[in-house]
Amino acid sequence: MTRKAIYPGTFDPMTNGHLDLVTRASLMFDHVILAIAASPSKKPLFTLDERVALASQVTSHLDNVEVLGFSELMAHFAAHQNANILVRGLRAVSDFEYELQLANMNRHLMPTLESVFLMPSEEWSFISSSLVKEVARHGGDIAPFLPAVVTQALFEKLAAQ
């Protein structure tokens, strides 16, 4: 039986913390879908197509990782992809309450859907896309936190605003 997992998120932009988790998930599962949510309510800086393209570049070395965009409920997307495992990252205890609510709702919507929680490597445990964007907007050095292609894209996007 193929172990197919989905690692969902907005990935606006994809950080080294995200890359750490998808890389580790790719070692645990036969096939991993990096599922990029449209998330219009979050007002992402990058379009869905841009986020999919960047994530595809960043994960191109991971043979068992596929990058897809989606705009439906995660449980419905998982069912359409024949996946029954969700990979989620937990950076801090504060993430747990929200993730527990999501896991329970997803299980209610799709009883066979299990959530697996991974903690990022310590060096990435404080990184979030929102924090990186804020540092970039104020001229801080974000290169240590993002893949190089994402760093360049973020500076280009901010310069165009």
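Glycine is treated like the rest: Cβ placed from N, Cα and C.
Sequence annotations record features per position, and here Swiss-Prot assigns ATP binding site to T10, F11, H18, G89, L90, R91, E99, W124, S125, F126, I127, S128, S129, S130 based on sequence analysis. Under 8 Å, Cβ to Cβ, and six or more positions away along its own chain, T10 (ATP binding site) finds I36, A37, S39, K42, P44, R51, S129.
Positions annotated as substrate binding site by Swiss-Prot: T10, K42, M74, R88. Residue density at K42 (substrate binding site): 12 other Cβ atoms are found within 10 A of its Cβ, drawing on all protein chains shown.
What Swiss-Prot lists as site 'Transition state stabilizer' is H18, and the listing cites sequence analysis. Within its own chain, H18 (ATP binding site) has G9, F11, G89 as residues 6 or more apart in sequence whose C-beta sits under 8 angstroms from its own.
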Local backbone state of R88 (substrate binding site), from DSSP in three classes: strand
In three-state DSSP terms, the structure that T10 (ATP binding site) belongs to: coil
Candidates S125, S129: member of the binding-site residues with the richest Cβ shell (10 Å): S129
C-alpha spacing of M74 (substrate binding site) relative to L90 (ATP binding site), in angstrom: 18
Local Cβ density at L90 (ATP binding site) - other Cβ atoms counted within 10 Å: 17
